[in-house]
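Below is one structure; the comments refer to it alone.
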Amino acid sequence: MNTKEKTDKYVFNTYGRIQKVFVKGQGATLWDEEGNTYTDFLAGIAVCSLGHSHPEVAKTVAEQAATLTHVSNLYYTAPQADLAEKLVTSSFADRAFFANSGAEANEAAIKLARRYFNKKGQPDRVKIISMSRSFHGRTMATLSATGQDKIKDGFAPLVDGFIHIPFNDIDALKANMDHTVCAVMMEPIQGEGGVVPADPEYIKAVRALCDREGILLIFDEVQTGMGRCGRLFAHEIYGVTPDIMTLAKALANGLPMGAMLATQEAATGFALGSHATTFGGTPLVAAAALTVFSIISQPAFLQDVVEKGQYFKKQLSSLQATHPHIKAVRGEGLLVGMEIDGEAGKIVEECLKKGFIINAIQGNILRFAPPLIISHEEIDALVAVLDSLLA
Ligand SMILES: *Cc1c(COP(=O)(O)O)cnc(C)c1O
């Protein structure tokens with residue numbers, strides 16, 4: 001049996017896989033088992049932000065693996081301490097909790113918000129308001145938080161206490177606010193939901209309303225964080241900070257890692273023994289994340305993401321003049337979506353044949369999340385292919 005046959009026979013068939021077997025990656029280029037090359041405009045869904053097989057990350061991982069991989073959070077380890085310091089001192093937050101995925105980081109955020117009010121003597125404040133078309137993960141609590149029905153199909157009873165409201169609609173938020181709500185949870189820019197940015201006035205009004213009600217604001221930056229949107233964290237674009245933020249995808253450039261960051265005040269919701277995980281912040285992934293952070297957090301690196309993102313959006317928008325199928329081009333930095341009035345999956349297939357990996361979401365939206373090291377030439381080459389395909 002070959003790789004495809006084995007996978008289809010032995011692995012749960014929960015993924016709609018594209019018919020390619022990849023064997024190697026370097027920068028923004030991937031190789032399949034037949035030796036064909038592809039330019040990767042998805043980066044493992046906004047994960048491999050420094051590109052595949054980044055030499056410094058590879059070196060860090062190899063050295064750390066040969067030094068100390070894991071000892072449990074019963075003990076102190078330097079990479080975790082150093083990473084927490086970096087994340088905290090470069091953000092609104094005072095404390096970090098390390099997990100292994102985006103869903104787990106969001107689980108930690110949900111638990112923290114509930115326990116914060118429980119310990120403050122407000123045990124009725126348990127509800128979390130989240131947004132329609134949001135995506136927060138696939139564990140029971142995070143799929144309950146997620147605002148997309150297809151992800152919940154067959155899993156009832158869901159975790160209680162989640163209210164979904166339309167995104168970018170402050171009146172809907174006001175209408176659902178009462179003394180039983182402990183937090184609002186949202187992505188500053190919805191990723192899986194279609195690359196939909198929050199309106200600047202909306203996100204400011206959400207912050208103000210949370211302050212007025214004395215409840216917590218959670219930003220899920222699992223997809224938008226770590227430089228993806230041209231700032232270290234996407235909420236910096238809006239000048240609004242949350243009380244709790246979650247990160248994951250790009251944290252360790254492909255090694256599994258999540259983080260939940262919180263202000264000192266919100267962090268009081270957890271005490272000794274409140275939450276734990278075996279693998280979270282293990283020296284191996286934390287060391288990789290430190291190397292990633294040292295590169296991505298450089299102002300010149302982030303400025304380059306902003307510049308290339310603007311260039312990419314400008315080139316895509318310029319296609320609109322000749323291709324009426326394109327309905328909108330949006331996003332921040334190098335998280336870009338293009339809405340078309342046709343089937344996005346068809347374009348994804350055709351792009352693959354021409355050697356470009358892109359992604360379709362919500363049926364009619366093309367998502368681009370290339371490695372942040374993508375070049376102008378690679379952007380031009382993809383735009384030329386899209387130009388020919390959309391004709
Ligand atoms: C991918 C994603 C998650 C889930 O992360 P996993 O690592 O797959 O659990 C949660 N929230 C957002 C915004 C995401 O994009």
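Glycine residues also receive a Cβ, built from the backbone N, Cα and C atoms like all the rest.
According to TrEMBL, the pyridoxal 5'-phosphate binding site annotation covers GLY102, ALA103, PHE135, ASP220, GLU221, VAL222, GLN223, THR278. If you look up TrEMBL, you'll see ARG138, THR277 marked as N(2)-acetyl-L-ornithine binding site. Residues or ranges marked as N6-(pyridoxal phosphate)lysine in TrEMBL: LYS249.
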(request) Using all protein chains in view, find how many other C-beta atoms are within 10 Å of the C-beta of GLN223 (pyridoxal 5'-phosphate binding site). (result) 28
(message) I'd like to know which of the binding-site residues listed (GLU221, THR277, THR278) lie near ligand 1, counting only a CB under 6 Å away.
(response) none
(message) Can you tell me the CA-to-CA distance separating ARG138 (N(2)-acetyl-L-ornithine binding site) and VAL222 (pyridoxal 5'-phosphate binding site), as a whole number of Å?
(response) 13
(message) Going by DSSP, is GLY102 (pyridoxal 5'-phosphate binding site) sitting in a helix, a strand, or coil?
(response) helix
(message) I'd like to know which of the binding-site residues THR277, THR278 has the most other Cβ atoms within 10 Å of its Cβ.
(response) THR277
(request) Measure the Cβ-based neighbour count of GLU221 (pyridoxal 5'-phosphate binding site), defined as the other Cβ atoms within 10 Å of its Cβ. (result) 30
(request) For the binding-site residues ALA103, VAL222, work out the Cβ neighbour count at 10 Å and name the residue with the minimum. (result) ALA103
(message) Considering each pair of residues in GLY102, ALA103, PHE135, ASP220, GLU221, VAL222, GLN223, THR278, all listed as binding pyridoxal 5'-phosphate, report the largest CA to CA distance in Å, no decimals.
(response) 25
(request) May I ask for the distance between GLY102 (pyridoxal 5'-phosphate binding site) and THR277 (N(2)-acetyl-L-ornithine binding site), taken between their Cα atoms and rounded to an integer number of Å? (result) 14
(message) Distance check, please: Cα of THR277 (N(2)-acetyl-L-ornithine binding site) against Cα of ALA103 (pyridoxal 5'-phosphate binding site), rounded to an integer number of angstrom.
(response) 13
(message) Using CB atoms and a 10 A radius, I'd like the single residue among the recorded positions ARG138, LYS249 with the highest neighbour count.
(response) LYS249
